Amino acid sequence: VLNKTKEFEEAVKKVIKDVNLDNDIVVSVFETNIRVLGGLLGGHSVAIMLKEKGEYMQWYNGELLHMAKELGYKLLPAFNTTSGLPYPRVNLKFGVRHPEARTGTETDTCTACAGTLILEFAALSRFTGTSVFEEYARKALDFIWEKRQRSSNLVGVTINIHTGDWVRKDSGVGAGIDSYYEYLLKAYVLLGDDSFLERFNTHYDAIMRYISQPPLLLDVHIHKPMLNARTWMDSLLAFFPGLQVLKGDIRPAIETHEMLYQVIKKHNFLPEAFTTDFRVHWAQHPLRPEFAESTYFLYKATGDPYYLEVGKTLIENLNKYARVPCGFAAMKDVRTGSHEDRMDSFFLAEMFKYLYLLFADKEDMIFDIEDYIFTTEAHLLPLWLSTTNQTISKKNTSTEYTELDDSNFDWTCPNTQILFPNDPMFAQSIREPLKNVVDKSCPRGISRAEESLGSGPKPPLRARDFMASNPEHLEILKKMGVSLIHLKDGRVQLVQHAVQAASSLDAEDGLRFMQEMIELSSQQQKEQQLPPRAVQIVSHPFFGRVVLTAGPAQFGMDLSKHKAGTRGFVATIKPYNGCSEITNPEAVKEKIALMQRGQCMFAEKARNIQKAGAIGGIVIDDNEGSSSDTAPLFQMAGDGKNTDDITIPMLFLFNKEGNIILDAIREYEAVEVLLSDKAKDRATIFKGKMIPNYIIDSNLEMENMDQKSSENDSHKPNSEEAPSESQDAGAVSEEPEGGGESYAVGDPDPLSSASADSASVAMAHQDPHAPGPAEAGAPEPASTPGDSQPQEQNTQTESNSKAHWDSKVQPMESILADWNEDIEAFEMMEKDEL
């Protein structure tokens with residue numbers, strides 16, 4: 001492609017000489033197919049083309065094809081399932097079922113993993129005349145088609161390879177499904193089988209009906225496709241505008257591509273995932289090429305020089321932010337510009353190729369690129385394969401397909417003169433309304449002044465009056481085309497579809513309602529934003545080294561004003577949800593109460609544990625697997641009433657972080673934590689506390705030691721705090737089952753759903769430094785719950801103990817022993833992955 005024919009010839013020789021496929025290694029069937037098998041077949045395609053031209057590759061005798069066939073046979077054992085769907089992994093030497101294979105126990109695979117085989121496997125069969133490869137790939141595609149959800153014509157993300165049951169029932173065009181749709185259309189182009197086009201058109205109709213919410217592409221549930229499955233998008237969907245160009249549906253391709261470009265201009269790269277209001281959800285960027293691919297196809301379709309400017313921006317950003325001495329490094333975080341020591345093969349196979357082709361003129365190419373089709377890794381397969389070695393009989397399956405009343409589903413390639421009737425401004429006219437979509441330049445909501453003056457139209461329901469539990473309000477929303485969705489994590493999401501409104505006037509009312517809700521949400525965030533808090537485990541064997549990122553509450557003690565924080569042992573309450581009177585107050589008194597999220601308001605939980613005598617509370621998320629690593633933190637909002645009566649601190653932990661405390665309780669029983677605004681270093685945590693490496697006089701009674709510990713426990717630590725990164729968190733009100741009285745939203749952009757989402761929080765887990773020679777040494781072991789309440793002791797003994805503590809110096813042997821204890825604690829933490 002780059003006209004580096006000498007270098008290509010040398011590379012082929014090196015591959016033939018050095019690459020060995022007979023290795024005891026477990027590989028992904030999907031990745032090995034698209035990268036390795038596709039690469040060998042693409043290399044073979046170009047090698048025979050160059051050989052025919054008579055100048056290069058005259059020595060070539062199909063060596064790359066022989067290697068591809070060898071690899072194909074090594075992948076076939078993965079297809080040994082009753083369904084025909086392949087195992088996700090295979091051992092190149094031992095296959096799947098062999099005792100030494102170390103694979104074959106998996107039950108699930110992704111739709112793209114099983115449905116992205118047909119191009120490479122069919123090409124291998126057509127090149128070699130061995131039909132078995134194409135047969136296996138077709139069987140896998142047939143099975144997925146049979147298992148589609150019949151009412152929506154959508155497929156899920158993950159499927160059981162033995163039963164065909166959908167494991168993950170959400171559906172989109174991004175990760176897990178993307179290339180399945182791509183290969184259905186391209187299989188028709190390469191192989192000429194009408195059934196593939198019919199299947200693609202059926203799926204495409206469902207995508208545009210349910211998933212496409214221009215310019216967004218949002219995942220939905222396959223059984224309830226009118227419900228969004230999540231409020232963020234992943235970067236892999238950036239391929240879809242290019243596929244829409246290949247299909248001939250240009251307008252939505254331009255819209256989605258422009259939205260993605262605006263996100264790139266904001267962050268320099270496309271984040272691995274971003275929310276509907278274009279905030280970073282996952283900050284990584286492994287140099288994915290899908291956006292460059294769509295840019296190339298849109299330029300080919302429109303000839304609009306705007307897309308050359310887009311390509312120029314991509315190249316400048318790569319050179320400025322990703323280039324390193326030995327290549328280009330993946331971005332670990334697009335917000336900070338940090339790198340990963342990684343450059344995937346797709347960066348060379350796709351990114352360089354599409355960017356070169358974007359700027360290449362016809363005379364720059366030594367062959368006609370239109371004679372080839374790109375695989376999902378941009379390897380080239382010749383279109384003449386469609387008439388070669390056709391060993392697969394085609395069945396007449398037209399009765400299986402839904403008749404689609406859409407003029408867009410034509411059997412011939414679209415004519416660009418019809419798509420753009422000699423109008424060079426066609427693409428620009430579609431892009432223009434989306435130019436500032438990410439920068440929130442959207443229709444202005446009604447101001448407070450206008451409202452007070454009575455000017456401007458008002459919707460029949462005001463955002464500030466809306467209650468999710470009010471049936472009349474829900475009916476008004478429905479009339480305005482606004483649907484309300486209760487998400488699994490307890491948040492509420494609002495989405496407007498103008499086409500579902502009762503009338504155009506109702507649709508306008510719905511739009512104004514959404515704008516008001518977004519304005520209200522933004523105002524609430526500005527007024528009530530609080531940074532995340534920290535839960536630090538300070539008892540043995542953690543000693544303050546484990547810091548959990550916690551969400552704050554809009555009520556109770558403000559930890560930012562109480563620098564010492566709240567320290568105490570934790571206790572699980574009964575009932576665990578904390579929604580009624582606590583039945584084990586004796587276990588909760590003077591402790592920090594642990595409870596589960598759900599079934600009532602956060603404020604109600606706080607009042608119940610405070611009444612039982614708790615000194616603080618930690619609410620643990622009931623959404624299995626949730627984590628602050630992947631979900632934005634949020635504030636626990638009040639219940640709409642006065643919460644001044646709540647004086648104890650309340651913090652929220654996601655499920656993963658909460659389980660760390662629960663696991664610690666199971667193993668060590670007495671677990672002490674510190675609730676604070678920021679993680680404290682160990683010197684601050686244990687200042688004034690009894691630490692084991694002080695020398696205790698032999699005449700000192702054990703009760704005097706307890707007394708000293710007890711006395712010092714009552715002191716308020718006042719020392720320097722460890723630094724901690726934090727960002728503001730949004731607010732979320734938890735609703736009781738069946739609808740709650742409090743509602744808060746956090747999306748500041750009209751294009752997003754007005755969701756109770758929150759700002760993303762990035763708080764680094766603190767790893768307080770190990771003690772140096774000048775420090776007190778190892779912290780104290782876990783104390784008993786009673787230590788925090790001093791008991792009356794003999795005053796004379798106390799005085800003696802003070803004299804002994806102040807006058808003695810610790811010998812070196814004791815220091816070394818305590819350091820060894822620290823090292824053992826570190827090793828135990830590492831072992832427990834805490």
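Each Cβ is built from the backbone N, Cα and C atoms, and glycine gets one as well.
Fair warning: this is a prediction, and the values are worked out from it, not measured in the lab.
Feature annotation from TrEMBL assigns active site, proton donor to GLU31 (among others). Take the CB of GLU31 (active site, proton donor) and look out to 10 A: across all protein chains shown you find 17 other CB atoms.
Taken from TrEMBL, the feature active site applies to ASP178 (among others). For ASP178 (active site), the same-chain residues lying six or more positions away in sequence with a CB closer than 8 A to its CB are ALA112, LEU236, LEU237, PHE239, PHE240.
Sequence annotations record features per position, and here TrEMBL assigns active site, proton donor to GLU272 (among others). Within 10 Å of the C-beta atom of GLU272 (active site, proton donor) sit 19 other C-beta atoms, taking all shown protein chains into account.
If you look up TrEMBL, you'll see GLU290 (among others) marked as active site. Shown in sequence order, SER235, LEU236, LEU237, ALA238, PHE239, GLY242 are the residues of the chain, 6+ apart in sequence, with a C-beta less than 8 angstroms from the C-beta of GLU290 (active site).
Remark: THR376 (Ca(2+) binding site) has ILE34, GLY38, THR116, LEU119, SER179, GLU182, TYR183, PHE239 as non-local neighbours, by Cβ distance under 8 Å and separation of at least 6 in sequence. Taken from TrEMBL, the feature Ca(2+) binding site applies to THR376.
In this model, the domain 'PA' (573-660) carries an average pLDDT of 88. As annotated by TrEMBL, domain 'PA' applies to 573-660.
What TrEMBL records for 705-719 is compositional bias 'Basic and acidic residues'.
What TrEMBL records for 705-812 is region 'Disordered'.
Annotation comment: TrEMBL describes 785-800 as compositional bias 'Polar residues'.
Cα of GLU272 (active site, proton donor) to Cα of GLU31 (active site, proton donor): a distance of 19 Å. Taking H, G and I as helix, E and B as strand and the rest as coil, DSSP gives the domain 'PA' (573-660) the counts 20 helix, 17 strand, 51 coil.
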